[in-house]
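Written below as structure tokens is the structure these notes are about.
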Protein chains: 2
Amino acid sequence: MTTQNPTPLPEPDPSAFTGDDARFIADFATLCTFGATPGGGVERQAGSAADGEQRHWFAGLLRDAGFEVVFDRIGNQFGLLELVPGAPYVVVGSHMDSQPTAGRYDGAYGVLAAAHAAFRLAEVYRSDAAAGRQPKYNIAVVNWFNEEGSRFQPSMMGSSVYTGKLDLETALATTDAQGVSVREALESVGCLGEGDGPRAAFAAEIHIEQGRSMERDGITIGVVDSNWAANKYEFIVHGEQSHTGSTIIEDRKDALLGASMLVLTAREIADRFPGALHTSVGHLNVYPNSPVVVASRVNLLLDLRSADEEILAEADALLHQRVSEIEQAAKVRIERRTGHSWPVTPYQIEGVELAEKAAADLGLSHGRVKTLAGHDSTNMKDLVPTVMLFVPSAEGISHNEHEYTRDEDLVAGLHMLTEVLGKLVEGALDES
Amino acid sequence: MTTQNPTPLPEPDPSAFTGDDARFIADFATLCTFGATPGGGVERQAGSAADGEQRHWFAGLLRDAGFEVVFDRIGNQFGLLELVPGAPYVVVGSHMDSQPTAGRYDGAYGVLAAAHAAFRLAEVYRSDAAAGRQPKYNIAVVNWFNEEGSRFQPSMMGSSVYTGKLDLETALATTDAQGVSVREALESVGCLGEGDGPRAAFAAEIHIEQGRSMERDGITIGVVDSNWAANKYEFIVHGEQSHTGSTIIEDRKDALLGASMLVLTAREIADRFPGALHTSVGHLNVYPNSPVVVASRVNLLLDLRSADEEILAEADALLHQRVSEIEQAAKVRIERRTGHSWPVTPYQIEGVELAEKAAADLGLSHGRVKTLAGHDSTNMKDLVPTVMLFVPSAEGISHNEHEYTRDEDLVAGLHMLTEVLGKLVEGALDES
């Protein structure tokens, strides 16, 4: 079985475009060089050197376009354009941080598209073309800190602090596997600022789909109308340290055996609800992790996701029933620490309809989709009316170096985001 | 379920003994302070600061008794007493390095008992009492490097290099999880020496049993007549990195799911041969180990052990059959890297009989036992006739802070080792 696609990805190619579109693809090609991996992806986890480098490069890009660059107290990076003194902002963007050995598009595309959309609108409002177009809000391009949550948990950290869902001090004190705190990481790359960031009136984000539905349905723009519900747990399996060679099997209290049963259980539960439930364990640490010691402790993160809250509840009950059975079977104790959960929540229907009209006006094929993954916009939509857009992602591959979206889809998404952002800035959702 | 014994262990108490025995228990109490853990155990992995401290303390103890201290090219520590110029050595000892959060006795007892046995014999040969006792060999007390293999794999590294089973440069270049090499670790604690160490004629080791059989049978001295056979493997499970939230279940190639199936399989196979087969996975690492990424790679170490080579072969065949099934079930590829294997091999019968006679002469209850765990003597017995002795270990608890052997058993073992060592030094096995 081959586990990697051996075909190199096409490089972003500005020569196929002209004017601003070519400049956008050229900037995206530059962005792909930060933390580039030999396998054609990127690795720039939150607060890493590569993350710092791309943030400083992005600051220069924003300043050159006349935007003021500020970092807030959790390292969110904003490029501010004041069009209406004192008015609140349309906050548009995504995140540049990545998973380890990740793809080029996840998050990064959305930040750069937001900047270029804002650059175009800045030009519009500056020029004669603005005669009939009057901004009512300011624009804040945003690069949220630590959306990925690979180095520092939880994910969506920057937007969670911004929206008041996560305590600032808790976030800053969070440490990575080497004991480095968020505060230290942000200071080391010069990205720890002050204050709460700009006040939002509306928000918008564009992202790759990370699923196959748009590719299957042949549509260019996905208008996200809701997210899947999710329950995320940290489990700690407690066993007892002993010698793997000499301890008789019936005396063993093997934390790794119990943890492995949990991993299998998660999959078995998903298999009961084909297509309707996603479960996974991506993170698991063994202590003391010595070849000749029965593990005394295993920490793991397990999540359950569904678009149907009843299925999620049923799956959750099954999981907790199985936890008790595993405790007996493996002679371990399983401690559950709730991570975070979210219900199925809709994006505001006015925003969905605005986006659908914009796509129609631009002649872009579109359809409503749901997001299975969490995004910063999942947080923002609980604060202000928010528009979430997708472009297709080849074969749904994501969190993988072979993640790929075609240049023409990137550019179509940029046009779409520019249209939506302009409408938001001009007050199209003022009644919502 | 409680997973830790809350009762503090009794401290070694010299006041219950007199003379050399009291000095031995007092020295053992000192040895327990190096790398002492709050839970009553020790943590002094190979080449760590705590390991370096105890080695330098031990060097002083040996020098004070008139022994010459040398480190060989893989960091084995020898205390040499030349009694017969130019003659080869009886090599007696064990290892002082420990697992993480380990017990006080594993290895450390055997090194200190060897030193004290040698001190007593040195005194005997120096004094009038030696009139009727004539040494034919020299004595080398040994503290083997990295028997445990928790920080650097494989285990039994020092004795494997000494006996020519492991290439020196390979061993020195081995790195720990932080990328520190054996060479760097040994240099950092000042324990990297030169040369091959003393030439062995015979070897002896005493160790705690790490099993329950002697406690159950009520015997003080175990004479080890063979070791269990073992097959140890490194498996690498290859999956494909993808997004845990959005990737549909049937598209997933989850390396952690495959690895968990291997962990369960190991236990299921052990359950087919109750009491006759031990299996375990103690070490498992996940990549990229991010909460929202399906794992692309899991490395794990799996071992199978039995006193019956036919059972081991049958279990091994079952395991490999299951590996293919798991590859299909979890859509992963499983790469096997053979670690090391050893058959059931006897300790030389002449040595067993010598030890049995010594125990009888001393009036110590004794019986033949097998070792399930590997020991440095497992290597030494393939080079020279070797005597391996056990003292009881409470409840068989080992590789755990609650590992415990009573002071009176420690002292009985010291008397026994002194007797055996004297006989070896005086040529009792010359005909073997």
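Quick reminder: no glycine exception, Cβ is built from N, Cα and C everywhere.
Of the residues B:D106, B:D196, B:D217, TrEMBL puts just one in the Zn(2+) 2 site with B:E148, B:H399: B:D106. Among B:H95, B:H238, the residue that TrEMBL places alongside B:D106, B:H207 at the Zn(2+) 1 binding site is B:H95. Between B:H95 (Zn(2+) 1 binding site) and B:E148 (Zn(2+) 2 binding site), the C-alpha separation comes to 8 Å. Filtering the binding-site residues B:H95, B:E148, B:H207, B:H399 for a Cβ under 8 angstroms from any Cβ of chain A leaves B:E148, B:H399, in order along the sequence.
Under the DSSP three-state reduction, B:H207 (Zn(2+) 1 binding site) is assigned to strand. For the binding-site residues B:D106, B:E148, counting C-beta atoms within 10 A of each C-beta gives the highest total at B:D106. B:H399 (Zn(2+) 2 binding site) and B:D106 (Zn(2+) 1 binding site) have their C-alpha atoms 8 Å apart, to the nearest angstrom.
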